[in-house]
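Data first, discussion second: the structure below is written as structure tokens.
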């Protein structure tokens, strides 16, 4: 997962033809979604290319009134412009984004995300993008993976200790929570939720006047870097979640030489991750009973870390939330595919790659170290495909995707970073909050570990 954020962006949801005056698209820069080809596969027909793209999260975007006064201040909203949902929807325009400047590039079936980008004032700014898979209709692609599998190629070689390249599923609404006050919806990255129950200014596309967190089922397919990785389901009820989850981490499960540069899964090179959601009757209509992780590299299947297979078949911490059965229902109804890259100013990502979890030292993941030594850190996802179990890596039948470049259960509980919350009443701006810009009157001092980074004349942000 990735934390909530806020960046200046722009417009162009007009093509879906259902806009009214409510969190209206702005006019500064068109919202042009980067095309990302993905593949849907069957055992009988092979893999068929899908017309898909990616969209940057709503919370990264600049929102303003007709006079370019910011609709957000001090991590919340400008109560003059946004005293209630209806008035805010009428007054505020949400802008699109320059995807390249936000660290995002896509070509064919390949998506590259950068943690840092050169700053106009010199040095680098942390951009930490989070994106969602979008269909040609301007709504999120809903992946229904119960009794199915998801495969993708990934290059983690440029992610050092402390970085997290994440690819996961979130049970967001297909339309991004679009409603009468927010017609931008999924086309502008609205409606994010996860098992950390983040508290955001907008909750499922609507002004969050109550300050509630937004919880939903989350399936972390990959959280990792070149030194460690975890596969973790997070089941939820309507108001609470198994935020820690029961993950499978090879290092944390007693296999320290399985995943890393030069190891069994050699992270100095591109490899394929296959995640299978197994049901009791072997079909999408069954109950989810286990989740299995597999790897391929250079076209060869890699043996599992654990002799009985790298499988999660139970999750004690999730029992209060329905366990794997709850996750299976979410996978059956459809979940949104999320891509992100981020690092961690508070815990240095120790829960992922240090101590019991990995070989990194407790301070190696400090973002200041990453920036000093690896300003070009990035992750590359490619050849994303989903469908019948066994179909996504089968080279026979239909039109397969391009080849990748040249049972016992073990679970590993992690302590996750805290979720994004409302800003402090003191005049110190939170991480990701606005800290400057023409007409901005809120707090300009950023919380410890972040600095105020210029985005444009109307928007600067604590990063």
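Including glycine, each Cβ sits where the backbone N, Cα and C put it.
In summary, of the candidate residues 204, 281, the record from Swiss-Prot lists N-linked glycosylation site for 204, whereas the others have no such entry there.
Closest to residue 164 (N-linked glycosylation site) by Cα-Cα distance, out of the recorded positions 78, 208, 223, 394, 452, is 223.
Neighbours of residue 78 (N-linked glycosylation site) among the recorded positions 204, 218, 452, defined as a Cα within 10 Å of its Cα, are absent: none qualifies. With the fewest other C-beta atoms within 10 Å around its C-beta, 394 stands out among the recorded positions 78, 164, 218, 223, 394. Annotation note: residue 218 (active site, nucleophile) sits in a strand segment as assigned by DSSP. Taking the Cα of residue 208 (N-linked glycosylation site) as the reference point, the closest of the recorded positions 223, 394, 452 is 452. The recorded positions shown are 218, 223, 452; of these, the one with its CA atom nearest the CA of residue 204 (N-linked glycosylation site) is 218. Mapped onto three states, the DSSP output places residue 164 (N-linked glycosylation site) in strand. Using Cα positions, the member of the recorded positions 218, 223, 452 nearest to residue 394 (N-linked glycosylation site) is identified as 223.
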